[in-house]
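Note sheet for the following structure.
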Amino acid sequence: SMASPALLMRVVASAYSVAEKAATIVRNVMSAGDLGIVEKAGPNDLQTKADRLVQMSICASLARKFPKVTIIGEEELPNGDVSEELIEDGHCEEILKKPCPTQYTGIKEEELVIWVDPLDGTKEYTEGLLDHVTVLIGIAYGGKAIAGVINQPYYNYEAGANAVLGRTIWGVLGMGAFGFQLTEAPAGKHIVVTTRSHSSALVNECITALNPDHVIRVGGAGNKIIQLIEGKASAYVFASPGCKKWDTCAPEAILHAVGGKITDIRGNPFQYNKEVKHMNSAGVLATLRNYDYYASRIPNNVKESLVP
């Protein structure tokens, strides 16, 4: 008889379906028209009803299936019973059929940490820039991002009334990433993607030093990694402390699964064990290819300004 699928593949298969449910919640909140916006730390740090409902849905759904896994979500939410309509019990059969990379076959539930950003790009969501929005579920083991799911609830939303809305990208280290067409940025072009709503003198100084041909300013870390893997940008550069572990865990796993690289601005890898601080205080540098080209051009004063 077939051995039952390894835990990691079961978690990823469930996270896939949980992310699709999350996307439905995001779209329903938007179409109902009352976003329920709350300011957290200020006008660029918002939380909506979608952030709250999606986090409850993701965390409760995964906790019910995998009770010993540590799940860390962005939003501080009251502990209470989650209504059954928010629970997603399904899984993606196609993922379960794929063999688990051998280095991960023996993982136990209590060794996994799941980092959840229920709605990455909240500010853009409130402004109607819907293609910036992603749902991020990152899976870490031994402090390292090893698998991830990125859902874009509004992928294709400008394609007309009959278009299928949304898509789910997923990946596992040692296996690859799926749900999109891997594309490299144009050779010899230096296209930098960076923050849209969290700019600063340091952010801009760092970008200027890279002498890019073009700069793209968009919301959401998930969205920026998608720009890299689909060849729209060659580097994601953010010389500022704003980003958190739940922003980078899922995107990192997907980027690394296709041979890319993400670090802080100083070149240090991110750690994802459950005790780690949540802030990526030394910023982000990521590429699909040619990481060293960009890393070597980050000015020293920028690195010195950002303390890990």
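Placed from the backbone N, Cα and C atoms, the Cβ positions cover glycine too.
TrEMBL does not curate its annotations; it predicts them automatically.
Taken from TrEMBL as is:
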type: BINDING; residues: Glu74, Asp117, Leu119, Asp120, Asp247; note: Mg(2+) binding site
Around the C-beta of Asp120 (Mg(2+) binding site), how many further C-beta atoms are within 10 angstroms, looking at every protein chain?
26
8 Å Cβ shell about Glu74, Asp117, Leu119, Asp120, Asp247 centroid, Mg(2+) site members excluded:
Asp51, Val116, Pro118, Gly121, Thr122, Thr134, Val135, Leu136, Gly220, Ala221, Gly222, Lys244, Trp246
Among the binding-site residues listed here (Glu74, Asp117), identify the one with the smallest other-Cβ count within 10 Å.
Glu74
Neighbour tally for Leu119 (Mg(2+) binding site), based on other Cβ positions within 10 Å of its Cβ:
30
Near Asp247 (Mg(2+) binding site), which residues of its own chain have a C-beta under 8 A away, given they sit six or more steps off in sequence?
Asp117, Asp120, Leu136, Ala221, Gly222, Asn280
